[in-house]
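So that you can see what the record holds, here are the features copied from Swiss-Prot:
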REGION    1-64  region 'Domain I'
REGION    65-137  region 'Domain II'
REGION    137-141  region 'Flexible linker'
REGION    142-190  region 'Domain III'
Amino acid sequence: MIGKLTGTLLEKNPPEVLVDCHGVGYEVQVSMSTFYNLPAVGERVSLLTQFIVREDAQLLYGFGTAQERQAFRELIKISGVGPRTALSILSGMGVADLAQAVSLQEAGRLVKVPGIGKKTAERLLLELKGKLGADVGVRAHAANDNQADILQALLALGYNDKEAAAALKALPADVGVSEGIKLALKSLSK
């Protein structure tokens, strides 16, 4: 299996890039978020990869972060979601948005991605629950580190993602952690 490629970026044609690794050019499919974070053609690039073998093709998918690759791996385990659809989901919303949609059970956000219908969105929510990493979902709700700490505290106190996110939205953006927790608990007790 090919787990990582490091080499010179030769071509960028979304969603595909060509990476030269010691004289061998690898065609790699990437999500749009990874594509937009790539360096200029001719510069060094490093991509984490997932190698997929099918009857008719051997395909290489590249990712800028370990979280994106892990989300891709979880997505392709789901019935009805192949590599192309998984890449489309990651291109359409990114890992943090996907984790947030899953934690808040928002099928409507997934349906906005081309190729995802209502039934597939519901299946994604069901099968991805708890698999994308709690920290990614928590950080997706929070605008800054203080808000992330407040949200983490509310979750630790037993509030669910929806309740904690709603309480967080009601807080001023510049609130401190201890004051934010007090205000959030007050709003949740109503």
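Placed from the backbone N, Cα and C atoms, the Cβ positions cover glycine too.
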Next on the checklist: Suppose you look only at the region 'Domain III' (142-190); what would the mean pLDDT be?
Outcome noted: 82
Checklist entry - What are the DSSP helix/strand/coil residue counts across the region 'Domain III' (142-190)? => result 33 helix, 0 strand, 16 coil
